[in-house]
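Novice: Sharing the features that Swiss-Prot gives for it:
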SIGNAL    1-21  signal peptide
CARBOHYD  N25  N-linked glycosylation site
TOPO_DOM  39-94  topological domain 'Extracellular'
CARBOHYD  N82  N-linked glycosylation site
TRANSMEM  95-120  transmembrane segment
TOPO_DOM  121-128  topological domain 'Cytoplasmic'
TRANSMEM  129-148  transmembrane segment
TOPO_DOM  149-167  topological domain 'Extracellular'
DISULFID  C166-C245  disulfide bond
TRANSMEM  168-189  transmembrane segment
TOPO_DOM  190-206  topological domain 'Cytoplasmic'
TRANSMEM  207-230  transmembrane segment
TOPO_DOM  231-260  topological domain 'Extracellular'
TRANSMEM  261-280  transmembrane segment
TOPO_DOM  281-297  topological domain 'Cytoplasmic'
TRANSMEM  298-322  transmembrane segment
TOPO_DOM  323-336  topological domain 'Extracellular'
CARBOHYD  N331  N-linked glycosylation site
TRANSMEM  337-361  transmembrane segment
TOPO_DOM  362-374  topological domain 'Cytoplasmic'
Amino acid sequence: MKALIFAAAGLLLLLPTFCQSGMENDTNNLAKPTLPIKTFRGAPPNSFEEFPFSALEGWTGATITVKIKCPEESASHLHVKNATMGYLTSSLSTKLIPAIYLLVFVVGVPANAVTLWMLFFRTRSICTTVFYTNLAIADFLFCVTLPFKIAYHLNGNNWVFGEVLCRATTVIFYGNMYCSILLLACISINRYLAIVHPFTYRGLPKHTYALVTCGLVWATVFLYMLPFFILKQEYYLVQPDITTCHDVHNTCESSSPFQLYYFISLAFFGFLIPFVLIIYCYAAIIRTLNAYDHRWLWYVKASLLILVIFTICFAPSNIILIIHHANYYYNNTDGLYFIYLIALCLGSLNSCLDPFLYFLMSKTRNHSTAYLTK
């Protein structure tokens, strides 16, 4: 189990380097980034789509495809398909999604602020407190950036805050998800060691272990989020007359296979491996506690709340992430991206649910279980 945890952490730290080296080694275009984020497709005004001559009536020659012609200079003004315009102007994008973000903001900001206050002033310095503090900080940072996302959607998906803030908001938006996932996995591993291997756990330098682990989580997430901050995120759409943030990319940007590897590795190491670890940890915890004392079942129910939050908030978006980018890479279509945006909106609920997880655990802690959270 320990070897698996260390191997997963090592791969998490090394994979961003591989992705970055893939971006640097593309010889087709050394002046531009080679890892465009696959959102809705947008084409510059003076480009045209591929067209097979075999589609012409009466054509009897060989099948020839005219490749897309792109301008040599980088374009900030793009055209999008009617389906994309329909989503960007729909009630789903301009009313429902901002309404959910508003709910997360209204509940999440005070809830995480109170959680941080309790962790700093009402709770002793213990291992789990370090993890919960970092989780609350990540959620609070996410919640305070939501007003920009809310204004963006209410304004018809028109971004008015500039490129730098667009990139920063995107980094925090995605970074919170994977930071929360990794921290919830760390909390699960901590409980697994405390309950299943109590003697080993008591001999660990728990406070140092928690601080180092949280530092590695933040560093790993930061490295993985670098492409979102390096690449251009803001594009002006000619037809709807709006400026999008992250939702549209230029199809004429140079591309490489590393874009697919990057997002698959992001979902695999940022979601699947932590998910498997959480299932393993809680299965072992339930088996251990149930074997000794059925009165522990109330604690098991509280612990399973992490698994519920994990499954509802993070599973849909990461599963759709893999399918969307595989579909985009092999079929060059972006039809699943709007479903991915809905799943991301659902995932944002995690930021207002995490504080209640801490409140629940603080209420259920007593003298007989205190050693589990030290």
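Glycine is no exception: its Cβ is also placed from the backbone N, Cα and C atoms.
Walk me through the surroundings of each of these features.
Specialist: For N82 (N-linked glycosylation site), other Cβ atoms within 10 Å of its Cβ number 7.
A Cβ distance under 8 Å defines the sequence-distant neighbours of the transmembrane segment (95-120), meaning residues of its chain 6+ beyond its ends; these are 129, 132-133, 136-137, 139-140, 142-144, 146-147, 149-150, 153-154, 341-342, 345-346, 348-349, 351-352, 354-356, 358-359, 362.
With a cut-off of 8 Å between Cβ atoms, the residues of this chain six or more beyond the transmembrane segment (129-148) that come close are 101-102, 104-105, 108-109, 112-113, 115-116, 119-120, 123, 161, 165, 168-169, 172-173, 175-176, 179-180, 183-184, 186-187, 190, 207, 210-211, 213-214, 217-218, 348, 350-352, 354-355, 358.
Residues 88-89, 93-94, 97-98, 101-102, 105, 173, 228-229, 232-234, 240, 242-247 of the same chain lie 6+ residues outside the topological domain 'Extracellular' (149-167) yet bring a C-beta within less than 8 angstroms of a C-beta in it.
Following the DSSP three-state reduction, the secondary structure of C166 (disulfide bond) is helix.
Secondary structure counts, DSSP: the topological domain 'Cytoplasmic' (190-206) has 13 helix, 0 strand, 4 coil.
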Novice: How many whole Å apart are the CA atoms of N82 (N-linked glycosylation site) and C245 (disulfide bond)?
Specialist: 18
Novice: Quick check on the topological domain 'Extracellular' (323-336): DSSP residue counts for helix, strand, coil, in that order please.
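Specialist: DSSP classes over the topological domain 'Extracellular' (323-336) add up to 9 helix, 0 strand, 5 coil.
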Novice: For the topological domain 'Extracellular' (231-260), DSSP counts of helix, strand and coil?
Specialist: 3 helix, 11 strand, 16 coil
Novice: So how many other Cβ atoms are close to C166 (disulfide bond), meaning within 10 Å of its Cβ?
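Specialist: Taking every protein chain into account, the count is 22.
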Novice: Using the alpha carbons only, what distance in Å do you get between C166 (disulfide bond) and N331 (N-linked glycosylation site) once rounded?
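Specialist: Cα-Cα distance, C166 (disulfide bond) to N331 (N-linked glycosylation site): 28 Å.
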